[in-house]
Amino acid sequence: RPPPRCGSIMSGPEQQQAPPPPEPGEPDPAHGYEPVAPHWFYCKVTDGRERWVPFSSQDSERLEEAQGSGRGREDVVVPTSGGRYDVHLGQRQRVAVYWEEEVSEVRRCTWFYKGDKDNKYVPYSETFSEELEEAYMVAVTLDEWKKKLESPSREIIILHNPKLMVHYHPVASSDDWGSTPTEQGRPRTVKRGVENIAAEIPSGEPLQIDHLVFVVHGIGPACDIRFRSIVQCVNDFRNVSLSMLQAHFRRAQEQQQIGRVEFLPVNWHSSLHSTGVDVDLERITLPSINRLRHFINDTILDVFFYNSSTYCQTIVDTVASEMNRLYQLFLQRNPLFKGGVSIAGHSLGSLILFDLLTNQKAAPEEDEGSQEGSRTTSSNGGIEGVKEILKQLELSEYCDVFEKEKMDRQALFLCTEKNLKEMGIPLGPRMKILHYISSKEEMQVCLLHGSSSPRSLLVSRETNPHPPLSQVSANYPQLDYKPTIFFAFGSPIGMFLTVRGVKRINPNYSLPTCKGFFNIFHPFDPVAYRIEPMIVPDLEFEPMLLPHHKGRKRMHLELKEGLTRMSVDLKNNLLGSLRVAWQSFTRAPLPALEGASAEAEGEAEASVEKQPETKAEEPPAAVKEEVAPINVGRLNGGNRIDYVLQEKPIESFNEYLFALQGHLCYWESEDTVLLVLKEIYQTQGITLDQPLPGSQ
């Protein structure tokens, strides 16, 4: 694109004599012109409405630098928005890198006019902006104002003076009454330079990425109360994380120990519903209450799809392949990245991730005693390993049969009853072998099966050689990385495990490739369930209260606790007084001297004083019991798993009214984001500037 033609109008004397710097007020008419500083914008279309959004200062400078150095080249590509979008300078297009999104128009903006509907400033096209800049330059240098320009769309712009420039939209095309264009339409303000339109320009994101988090959505295409997509919700989550880093990791940022955490969305809903199942559903859907039925087909049915072996396979394949694709693409674009990878799931997305993680295969050197069942390979994986198992089961006479069939340990764990029968193994030994396999699988997957019998396990093994106990029969893919931490937001994992017949989780179990697991939920979330009671069923205890990001409990919760404590104290005082009164009443008929009665009165007073004290101390003792260390197994490395958010004051008025909001609140929850950042950076030895009260 050719540069602005401002320089071609400059006269000889103006080129010879350098103009003095302008004063802060009005420019000197003879020498006050200074070229306008451009800023880059992109056009965001929401519900059919266009909105021009400024790039960050960092990105705009990069684009301007590339524009200056790569003029005339069509293949100049500049990464923006933390590397999530590429700008193709030649085509003036902004393209999403990691997900599908409509291409946005990009402009190098210098002149703006106030829009019709929302009073937001709209940039002129680059070509017309150059014409306006030339006219402005001539007006300033020659001090000749009242300049009138006509845009390509027959709109009139009049430059009255440096501080008053107006834009007239024509109401209609030229009429027969000879009305001038300036008399048509309402005048709108024209501004030169981005600094004069009060646009909120972000400074930009830190270039260094310390950790990568993949975020998987739940049911339906919409992820929050405003029916926004997973991309928009994760954008909010990322923005909140940047503000939390500035507020709580300032010291580490100043010392350049940290950069930021990148969050990337993982979408599986569109792949599931592109299989043609929507067409099949449409045929059988009743015509009444059309919108409600369409909503159910598009959202609630995702739960049933996941419980179907056919569509469950589609979902887990999509989630795993998409996360692997994003991971490889991220490494390709960030070759110096050395950080870890974590995963987060909302609602049904957390269950999908949990099932994927329980079916990951740990490296042989990472296998532990509780998981050696089907994981061991090499030395224990050959025929010798099978011979050891048969010897342990007192079935050594069948070693030759297994050796003839070239059956190693891995093949043994893929055997079904039908396979063993075809090998000629009698019923008794067959049952012993199958029971051994099922018990090892049970230990590996962590689930102590309460209601299902070995028979039901055998039935599931007929359809799939190695499904984990009580899970949907599917072939779970392997991930290209080992997640550091798994975060579940508003998760129904506990409910689904219970419905599958799982009574408890083995305290010694941990996810094969992921050592951290946090179950985070809002107290009014109707979809969320706890995990810890499945590990420690005999002990009643509260989930960990998530600290408020400003470092204290919400005031209404403190007030509620204070009132509860006060009512307990009043109750104890009242009971103590009644007890003393009753004791005095029962002693009253006995004859007593005056001194003795005084002594009894003193004893009564002492008991009144002592009794409430002992009773009043009981509640704090109970509180101390609650915060005492609780062993919740190895699922989160010995640390607590369940974390509950503090409800907002307005939410405490009606739990039912805010139930849906409770399930969709995590994307903009500072407390949730801060816990995620705290746990991620703790793995790198970096802590908060000031520890929050009540945090682990």
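Just so you know, glycine gets a Cβ as well, placed from its N, Cα and C.
Annotated by TrEMBL as region 'Disordered', the relevant range among 174-201, 594-621 is 594-621. Per DSSP, the secondary structure of the region 'Disordered' (56-75) breaks down as 13 helix, 0 strand, 7 coil. For the domain 'DDHD' (479-682), the mean pLDDT of the prediction comes to 75.
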